[in-house]
Structures are given as C-alpha cells and as structure tokens.
Amino acid sequence: MGKITFFEDRSFQGRCYECSSDCPNLQTYFSRCNSVRVDSGCWMLYERPNYQGHQYFLRRGEYPDYQQWMGFSDSIRSCRLIPHAGSHRMRLYEKEDHKGVMMELSEDCSCIQDRFHLSEVRSLQVLEGCWVLYEMPNYRGRQYLLRPQEYRRFQDWGSVDAKAGSLRRVVDLY
C-alpha cells in the first residue's frame, strides 16, 4: 500500500490531502499543488484529470516545490499508485506494430541512443514490471508510465512523438 500527501503551498504548507490509492480526479481536494510528500510506494502524478496530460514519476521522498519533480506548473489533477513488481522486462521496436529491429531490456538505461543506437522508439511491449520512459537521456524531459501491455505506436503511451532518451524501472521497497 502506498501513501502520498499533496500540499497546496510550497514547503508542505497550506491545505493538504492524503491519498493511498489511484485517484482519477483530485480537483475536489485541492486547487493547486506546490509540494508533495511520498511516504511509501511509487506514484505517477498527472497534470489533468483521468490520468491525462504531463506525467511526473515520484518515489519515496519529499518534494518541497513542483520543480523538484520536474513539473511545468502547480497543476496536479490525478494520481496513480504504481504496483510493485519483482522483475522487469520490455522490448523496444524501431517501427510501429512491433516491427523492425527489436531490443530487449531488463535494467535501467540512461541513454537509449548510446546503448541501442536509436533516438526514436515507435512501439514497445512491456512484458514484466512497470517502467518510466523519459524523452531525453539521463532521465530528463517528459515522462511516460509504461505498464505491462503492448504499445503499438508512441501515441499509445501518451506521447506526441517517438523521442525516447532513457528508461527506468519502477522499483521501490514498500
């Protein structure tokens, strides 16, 4: 079980809301979010309701302002607790519909370009565990939660292009 607390103001001030499960609409609990405390679990925060918009991956720790989680604004409107998995495995494809060259991955990758000579990923399959895909190397830029399923094109994971810079396994000790 996870636990996350949202605060309207920076440095854990102002009205707060504690959450322990997925919530598709946080708007009724607070109007803005400027700081977050994650007591347990790994979470994906979303800029808009129903798990839409920019995504932000947070693990256990304190985030005194939204820049700490690479946020673009103080808008957090939904959140999802990411289930813990023991093992991780995924396949990256250079073309849509799982075609073209395939690379398999079971560990974090700080630079997809250096490791696989790819700057774009057009489809992928998450076989085990949850992952976060970052648009830039070294775990920077836009973030996308990847859960076990098939993604036949980059739009399936919520991206507007096929840019893929790095991948990180979602790992947390509850």
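Residue positions begin at 1 at the first shown residue.
Every residue, even glycine, has its Cβ placed from backbone N, Cα and C.
For the domain 'Beta/gamma crystallin 'Greek key' 1' (2-40), the list of distant contacts is 49-51, 58-66, 69, 74-81, 172, 174: same-chain residues at least six beyond its ends, Cβ to Cβ under 8 Å. Taken from Swiss-Prot, the feature domain 'Beta/gamma crystallin 'Greek key' 1' applies to 2-40, supported by sequence analysis.
In sequence order, Ser78, Cys79 constitute the residues six or more apart from Cys23 (S-methylcysteine) in its chain with CB-CB distances below 8 Å. Per Swiss-Prot, the feature S-methylcysteine maps to Cys23; the stated evidence is similarity to another entry.
Under the heading domain 'Beta/gamma crystallin 'Greek key' 2', Swiss-Prot lists 41-83, citing sequence analysis as support. Here the domain 'Beta/gamma crystallin 'Greek key' 2' (41-83) has Cβ contacts under 8 Å with residues 1-4, 6, 10-12, 19-27, 32-35, 130, 132, 140, 142-145, 158, 168, 170-172, 174 of the same chain, all six or more residues outside its ends.
Taking Cβ pairs closer than 8 Å, the region 'Connecting peptide' (84-87) reaches residues 41-42, 106, 128-130, 170, 172, 174 in its own chain, all 6 or more past its ends. Sequence annotations record features per position, and here Swiss-Prot assigns region 'Connecting peptide' to 84-87.
Outside the domain 'Beta/gamma crystallin 'Greek key' 3' (88-128), and at least 6 residues removed from its termini, the chain residues within Cβ reach (under 8 Å) are 137-139, 146-154, 156-157, 161-169, 171. Look at Swiss-Prot and you will find 88-128 tagged as domain 'Beta/gamma crystallin 'Greek key' 3'.
The domain 'Beta/gamma crystallin 'Greek key' 4' annotation in Swiss-Prot covers 129-171 and is backed by sequence analysis. Shown for the domain 'Beta/gamma crystallin 'Greek key' 4' (129-171): DSSP residue counts in helix, strand and coil, namely 4 helix, 21 strand, 18 coil.
Model confidence over the domain 'Beta/gamma crystallin 'Greek key' 2' (41-83) is summarised by a mean pLDDT of 95. In the three-state DSSP classification, Cys23 (S-methylcysteine) falls within a strand.
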